[in-house]
Amino acid sequence: MPSTEPTLLTAPLHESNRLLKQLLCTVLLLFSVAVHSAPALTVNPSQTKISLDNFSDIIEDADKLYRIDDILSPELKRQFRPTENGDFKLNKNIGRYWFRFTLNNPRNKECHQLLEIIPADLKKAQLYKESGEAIPIMRTESLIRNETLFSIPIKANSANTYYLAIEYPYERQLELTLHNYTSFLGEISKREFINAVVFGVLSLLILFNLISAYLHKEALFLTTAAFSLLVIFGQLFAWGYIGPPQGLLPPWQGYNLHLTVLAIGIVDLLYALQLPIYPINKPGRAAKLLRAFITIDILGVMISTLTSDDVAVIIMNILTPLNSLVLLFTALNCFFQTYSRLIFYYVVIRTITALGLILTLLSYNLNFISTSATNLILIYLGTAVSIFHTVLLISRHYLRNKKQNLEEQRIAILGAINRAKTDILARITHDIRTPMSAMLGISELLQETPLTANQQDHLRTLQRSGHELLQLLQEASQATRINESDIELNNELLNVLEIIDETVSGFRNIAAEQSLELICDIDNNVSEKLIGDPSRIRQLLSHIMNNALEHYESGYILLKVFTSNINEGLLNFELSHRGRPFSALEKLAINGSLSEEEGIVNARLAIASQLISLMNGSATVKTSANGLHTLHVTLQLGVPNNYDNSTLRLRTGLLSNKRLLVIDSNKIFCKVVSKQGSNWGMQVFIANSNNAAIAITRNQALINEPIDIILVDHTLPGGGLKLAQRIHDETETASPAPIGLLLAHANITFDQVELRNAGIRRVLSKPLTGVALRSALLAECHFDANAVNLLPNQYRTDSLKLGSLQCLIAEDNPTNAQVLTRMLKSLGITVHHVENGQQAVNTFTRQHFDVVIMDIEMPIMDGAEATRQIRLFEKEEDRERTPIIGLTANALDEQRDSYLRAGMDLHLVKPIRLWELAEAIKRWTGYQQNKS
């Protein structure tokens with residue numbers, strides 16, 4: 001009976017069952033391959049663009065071993081797998097990627113699609129048909145920027161498989177996008193429109209900032225323009241307008257984009273440094289930190305150009321976030337110190353920009369947004385930062401202008417108050433000076449009357465006290481604004497030489513009392529015209545000279561003025577003396593280091609230090625080995641643009657080739673005068689003794705080059721006046737006789753007969769400045785130039801009969817007119833007085849006068865205009881020229897020249913002395929009378 005037990009599985013199978021099992025396994029295997037392949041993409045004409053991410057298979061060919069023939073083999077076809085999220089992140093360690101995708105065309109006619117590959121700067125991109133035929137890459141020269149495109153033909157009613165080989169040496173997100181032609185052209189137009197708008201906005205920002213930099217002279221506008229320009233260059237490099245298209249996301253090939261990003265960081269730091277994003281009054285470490293990072297970024301640029309792309313990427317990835325963090329935290333620190341609204345806006349902008357950048361890069365790395373979208377966002381961020389920088393700068397400029405306007409209004413108000421105070425004091429000093437001038441004039445008249453020795457001593461004391469009071473009034477008027485340190489300098493065109501002359505001349509009485517030599521040495525290179533505050537310079541010189549007088553014990557005081565060869569406006573004053581040295585407290589006062597209580601004790605030097613600081617100057621004290629103590633002061637003054645120093649040569653033309661003999665035992669003074677005279681075109685001879693002076697005079701006469709002018713010091717051994725008398729006796733027969741000038745202290749009086757007999761035309765008061773000497777020389781040469789037709793014996797002042805002279809006085813001040821009238825009447829001159837220039841002209845046209853004394857500053861018509869009208873009347877009526885002597889308190893060269901050009905013959909400075917007035921009238925009316 002057969003067994004009914006089941007057959008074991010190990011029992012052999014029938015042949016037909018084995019074949020069935022093999023067939024089943026093959027079907028299952030084929031099914032599994034189909035399941036693990038990407039689906040085919042059905043091309044729909046209505047689709048504008050579609051990504052191939054979900055329709056592609058991939059093989060990673062790390063060593064680049066496979067060719068298209070190998071890829072088409074069944075073995076490798078089975079190795080393709082569907083792409084996953086990370087497969088489109090290109091790895092630089094994978095030599096070649098192979099992608100496979102299938103396109104299904106259900107239509108009855110062949111169609112074409114465009115395959116766009118991003119990034120466009122691939123090392124290799126080659127597309128193949130299933131037959132192994134290569135599809136050529138499209139030429140994109142007609143497009144504005146470079147693209148990587150393939151035109152794919154798809155046969156009708158069929159599914160076509162394509163293979164794409166890609167090589168790229170960097171890590172970058174890959175995008176494969178299929179377009180129809182119409183949608184791609186629209187996409188290109190959209191991109192170019194966006195780029196055009198961005199470029200237009202940035203170009204407008206650059207133009208605006210450049211114009212603003214030119215108009216406002218603000219360097220920060222240039223920095224903002226440079227930032228916008230670098231953003232433009234970054235886009236040109238990224239999109240392939242210049243070089244291969246690489247996008248705005250690293251890594252990049254070459255150095256263009258690396259250097260551009262680092263340069264943007266440097267400019268961003270410069271913007272923050274110039275804005276600035278730290279407290280201006282307390283920069284602390286913030287400014288140093290920003291400068292340090294600028295230096296580090298510059299070093300990063302240099303290293304990036306010398307190393308590989310990988311190192312450049314590392315440097316850029318390190319420095320870019322560090323720059324952002326430094327800027328953000330520095331601005332935050334500044335905001336919490338100042339609570340500035342401008343800094344708050346800067347912090348908000350930096351924060352929004354940083355958050356936008358972080359979110360964009362995070363979304364890109366997580367594949368939430370495409371490369372194109374990421375690049376677009378980065379474009380918008382860069383443009384937005386450029387706009388915000390410009391807006392912040394405009395706000396800053398507006399706030400500064402507003403603050404400046406408010407400050408100018410405040411200064412204007414304070415200035416008006418200060419001017420009112422100054423005007424009041426000026427009026428008071430003027431009102432005091434008027435009776436003082438009358439008092440001094442009366443004392444001059446009184447001096448000519450018979451007086452006892454006691455009375456003469458009292459009179460000299462009265463005169464000395466009067467001059468001291470005038471000096472005090474001058475100092476008071478100069479010091480009116482010294483306490484208003486918040487008042488700005490009143491910068492104007494000034495004459496440095498005249499200011500020095502006025503200041504030094506104010507110390508004549510003090511120098512006379514102490515019998516000291518005060519020498520003023522002004523270098524020839526000192527520009528006559530500079531820009532500064534004349535009143536402040538006078539105050540400063542007055543204070544430091546008073547200080548030198550307090551320290552002086554013996555010898556002389558030397559004031560040297562010179563300028564820098566490099567900086568014409570840097571004026572140097574060196575005041576040297578022999579005597580008591582500067583104390584430690586005085587040195588502190590000069591340096592401005594005294595407290596308020598100590599400054600009261602050393603008020604003069606403390607005020608001088610304040611003035612020096614106000615004029616951007618400095619002061620130092622030094623003592624030489626020979627015991628000479630020197631105070632060196634420098635002042636930074638402005639230099640006028642269109643001033644021509646040739647006007648000095650025109651004014652000193654009368655002195656050209658004149659021979660001047662300087663006779664003085666002080667060699668320093670002789671050296672200074674020699675240098676000044678040579679600068680005026682004169683030939684200067686120096687004699688330090690009587691015998692040397694006589695020898696020079698005789699030698700020059702022997703060679704027919706006689707001395708024209710003699711300047712002799714009164715204090716010479718044996719007497720300077722006697723030496724002048726001796727020289728005059730020897731040269732009296734010469735034609736013309738030399739002009740004699742006597743140098744003496746202001747408290748010394750001379751007999752007028754002795755002066756005339758010695759050939760002395762003028763007595764010049766010590767200290768003698770270059771301006772005073774030049775004025776005296778020009779006046780005497782001017783007189784001689786107008787008297788060239790006279791014979792030598794016609795000029796004899798003692799032969800004139802002053803009692804026969806008729807004089808017209810034009811003076812608006814009754815007191816001064818009274819003093820002047822008494823002076824003239826004491827000379828026996830008939831006087832007719834009028835009160836203004838118009839009355840002077842009217843009176844002159846109706847009567848005959850031998851001389852006119854004309855005040856300059858008068859109501860209705862001033863003296864200069866009245867002189868011009870008188871000269872015009874004389875010309876029209878063909879009348880003889882009447883001498884006109886001007887009187888004013890102004891001693892400036894320009895004013896003196898203008899008076900002479902108006903037609904005046906001589907200019908005298910108030911207060912005048914009786915003998916000076918008498919000599920002027922005798923000389924000019926003597927010429928006119930003899931000529932008539």
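A Cβ is built for glycine as well, from the same backbone N, Cα and C atoms used for every other residue.
Here's what TrEMBL has on this protein:
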{"type": "TRANSMEM", "residues": "193-212", "note": "transmembrane segment"}
{"type": "TRANSMEM", "residues": "219-242", "note": "transmembrane segment"}
{"type": "TRANSMEM", "residues": "254-277", "note": "transmembrane segment"}
{"type": "TRANSMEM", "residues": "289-307", "note": "transmembrane segment"}
{"type": "TRANSMEM", "residues": "313-336", "note": "transmembrane segment"}
{"type": "TRANSMEM", "residues": "343-364", "note": "transmembrane segment"}
{"type": "TRANSMEM", "residues": "376-394", "note": "transmembrane segment"}
{"type": "DOMAIN", "residues": "427-639", "note": "domain 'Histidine kinase'"}
{"type": "DOMAIN", "residues": "659-781", "note": "domain 'Response regulatory'"}
{"type": "MOD_RES", "residues": "Asp713", "note": "4-aspartylphosphate"}
{"type": "DOMAIN", "residues": "806-925", "note": "domain 'Response regulatory'"}
{"type": "MOD_RES", "residues": "Asp855", "note": "4-aspartylphosphate"}
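Neighbour counts were taken at the CB atom with a 10 A radius for the modified residues Asp713, Asp855; the maximum falls on Asp855.
Sequence-distant contacts of the transmembrane segment (376-394), counting only residues of its own chain at least 6 positions beyond either end whose CB sits under 8 Å from a CB of the stretch, comprise 194-195, 198, 201-202, 205, 208-209, 212, 220-221, 224, 227-228, 231, 234-235, 248-249, 264, 271, 275, 342, 345-346, 349, 353, 356-357, 360, 369. The transmembrane segment (254-277) is in contact with the transmembrane segment (313-336), judged by 3+ CB-CB distances under 8 Å for residue pairs 6 or more apart in sequence. Secondary structure of the domain 'Response regulatory' (806-925) per DSSP, as helix, strand and coil residue counts: 60 helix, 24 strand, 36 coil. The CA atom of Asp713 (4-aspartylphosphate) is located 32 Å away from the CA atom of Asp855 (4-aspartylphosphate). Mean per-residue pLDDT, taken over the domain 'Response regulatory' (806-925), amounts to 85.
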